[in-house]
Each structure stands twice: as C-alpha cells, then as structure tokens.
Amino acid sequence: MLLLSLVLMLLQLGRSCCGLPFYNGFYYEHVMNDKANGNGEVHFNGVKLVVETPDNAIFTFRGANVTLPCHYRYEPKLETPRKIRIKWSKLREDNTKERDVLVAIGLKHRSFGEFRGRVHLRQRGEQEASLVISDLRLQDYGKYRCEVIDGLEDESGIVELELRGVVFPYQPHHGRYRLNFHEAKKACEEQDAVIASFEQLFKSWEEGLDWCNAGWLLDGTVQYPITLSREPCGGKRLAPGIRSYGERHKNLHYFDVFCFSSALKGKVYYLVHPEKLTLEEAKQACQDDGAEIAKVGQLYAAWKFFSLDRCDAGWLADGSIRYPIAFPRPNCGPPEPGVRSFGFPDQGKFGVYCYKLS
C-alpha cells in the first residue's frame with residue numbers, strides 16, 4: 001500500500017514538473033496547445049488548413065506540357081510559414097490503391113514510376129503546390145489528388161485531367177469477340193492507343209459514335225454506343241444511349257474493345273508508290289521512305305485532328321485495310337466522316353499508310 005502511494009505521488013510530480021503535459025507516458029511536442037474535437041480532427045490553435053483545386057477539368061493533348069493547379073492557405077492567415085509536405089497521387093479507375101506521382105518537402109521532391117523525370121512542382125507563390133507534367137502520355141489522363149500535410153492536418157483536392165482524343169472500336173485479325181480484358185488492353189496499346197474509359201466513350205457517343213458490337217472499357221465493364229436505335233442493337237423501342245452488359249470476368253469473358261488515341265507528334269500519310277503491295281512489301285516501302293507502317297490509332301488520330309482525307313485503301317500495321325474520309329463524297333463510302341475498314345484480307349495487294357515523326 002505504501003509503495004502504491006509513492007508511485008502515485010511520483011506520477012503527480014511528473015505531471016506538474018516544468019509545466020509539461022503528460023499523455024499516456026508520451027510527450028507530443030507539436031500538438032499540446034492545439035484544439036481537438038470529438039471526431040479526432042486537430043485544428044492548430046484554431047487555424048484551419050484549406051486546399052483549393054479547380055472545379056472544371058483541364059483539357060490538353062498527348063505530348064503537351066500541362067499544369068494541374070493546387071493552392072493552399074490557412075484560415076486565419078499565419079504570419080510564420082510552416083514546414084509542410086506535399087503529395088500528388090493518381091486515382092485509379094477501378095478505385096483500387098492510388099498511384100504515387102510525387103512527394104515534396106521544401107525544395108526536395110521525389111517522383112515515382114512512369115512519372116519519374118516528367119513531373120515537378122510549380123511553386124511561384126508561398127502557398128502553391130501545382131503539379132507540372134511534361135510530355136503527356138495517353139495513360140496520364142484521369143483524376144489526380146493534391147494533398148497538403150501539416151503535422152496532423154491533412155487536406156486534399158482533386159484535379160481532373162482530360163486528353164482531347166478519339167475513341168474507336170477495335171477487333172483483332174482473328175475475328176469478333178475474341179479478347180478478354182487483358183488481351184483487349186494489350187491490343188489497344190499495340191495500336192498506339194489505350195483502352196477507353198466510360199467517360200471517353202460517352203463523350204464520343206455524344207459526338208455521334210454508333211457501334212453495335214460490345215467492347216471492353218477501362219473499368220472492366222462491357223458496353224457499346226447507339227445513336228440510332230435498331231433491332232440487333234437493343235431494339236427499336238430502346239432509346240439511344242450507351243448499352244451496358246455490366247462488369248464481366250476479365251479472364252473468362254471475350255468481347256471487342258474500345259480504344260482511345262490522341263494527337264500525334266508525327267504525321268500519317270498515304271505513300272504514293274508505283275504499284276500495289278502485299279503487307280510485307282508495304283512495311284518495307286514505309287521503311288525505305290524513312291517511316292514505319294502506321295497503326296490503327298495513328299490513322300484515327302490523323303483523321304480526327306488533322307482531317308486526313310484519302311479515298312485509297314491501304315495497309316496498316318495490324319494487317320487491316322482502311323482509309324480515312326474527313327469530307328464525304330460519292331464513291332468513298334457512307335455519307336458520314338470516318339475511317340472506313342475493309343477488314344483483314346489474307347492476301348491481295350493494296351496501298352499503304354505510313355507514319356513518320358516530325
């Protein structure tokens with residue numbers, strides 16, 4: 001009993017010595033004078049940290065440099081600067097763990113993964129945390145989180161980055177509905193594109209895309225856009241819109257895919273050649289001209305952004321025969337602009353579309 005009394009007396013002396021507070025045996029130097037509410041939120045001496053990002057999406061093109069704005073402030077304003085940590089991350093379409101993009105403390109920063117060497121902070125003001133991304137890639141579109149961390153304070157905002165591009169349906173050489181989700185992603189990448197998001201498909205539908213074959217999207221769903229209702233495509237009575245099969249098994253189910261491509265650094269052109277060519281001859285002819293045979297995504301991007309218009313069917317890298325029409329006219333297919341396709345001929349001789357870096 002005497003020993004217990006001595007222990008209690010020593011603890012009481014410890015609490016009063018030097019005026020230092022005691023929390024479960026641990027002294028927290030930075031938060032003792034801060035006010036906490038019942039939810040565990042800490043406001044430093046009544047000061048609130050606020051992070052501001054734009055409400056509207058940022059639009060740009062592949063290959064460009066872009067700044068994602070982010071600013072922070074304290075309410076009320078602090079006279080003495082605080083040492084803060086800034087973290088940028090990219091949200092995933094399937095809501096799994098975010099991808100780290102950049103972290104920074106003061107003048108020191110570190111970038112991660114495919115963003116390494118392509119990102120840095122723009123800090124023109126004392127309370128700016130904007131992210132600069134150089135040489136944008138197709139995979140860079142999406143939502144980014146700007147997070148500002150001050151001790152136990154942690155506030156963030158979201159910036160949406162959109163690439164201006166073109167969505168196109170794609171099926172491989174071996175036919176319709178032959179791709180599982182992973183094969184679909186690879187097929188788009190092989191055509192200088194990425195698998196499209198639902199938002200990109202929806203925007204393309206608003207612009208008139210109509211396609212009756214179901215295709216994979218980035219979120220693992222299978223959907224297709226219909227602007228003119230008809231029997232084989234959901235029925236005449238069903239209103240135009242995006243038809244959905246919902247989420248499908250990424251390994252076991254097989255469909256086509258919707259791909260997304262954006263502006264090009266180079267140019268696509270029809271190679272004027274004295275004679276028609278087989279696929280292998282076409283590849284060699286482009287190489288002899290200092291170029292390479294064009295991919296499907298490159299042809300679509302050239303049609304969309306540079307109004308490439310040619311009424312001559314030509315080989316592409318995947319073995320398909322296509323041609324782009326920006327200005328419809330008789331004997332060049334349907335009355336709407338688009339990239340016409342002749343499928344995948346096993347033999348025959350045609351022209352060729354080449355791609356050359358500027």
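Backbone N, Cα and C define each Cβ position, glycine as well.
Keep in mind that TrEMBL annotations are predicted by a computer and have not been checked by a curator.
Source: prediction; values computed, not measured.
Here is what TrEMBL says about this protein:
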SIGNAL    1-19  signal peptide
DOMAIN    48-164  domain 'Ig-like'
DOMAIN    166-261  domain 'Link'
DISULFID  C212-C233  disulfide bond
DOMAIN    266-356  domain 'Link'
DISULFID  C311-C332  disulfide bond
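Recorded features from TrEMBL, shown on the structure.
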residue : record         : Cβ within 10 Å
C212    : disulfide bond : 14
C233    : disulfide bond : 19
C311    : disulfide bond : 15
C332    : disulfide bond : 15
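In terms of DSSP helix, strand and coil, the domain 'Link' (266-356) has 21 helix, 25 strand, 45 coil. Secondary structure of the domain 'Link' (166-261) per DSSP, as helix, strand and coil residue counts: 22 helix, 30 strand, 44 coil.
Put simply, C332 (disulfide bond) is 26 Å from C233 (disulfide bond) when counted between their Cα atoms. Predicted-model confidence for the domain 'Link' (166-261) is 96, expressed as mean pLDDT. The distance from the Cα of C332 (disulfide bond) to the Cα of C212 (disulfide bond) comes to 22 Å. For the pair C311 (disulfide bond) and C212 (disulfide bond), the C-alpha distance works out to 25 angstrom. For the domain 'Ig-like' (48-164), the number of residues in each DSSP class (helix H, G, I; strand E, B; coil) is 6 helix, 62 strand, 49 coil.
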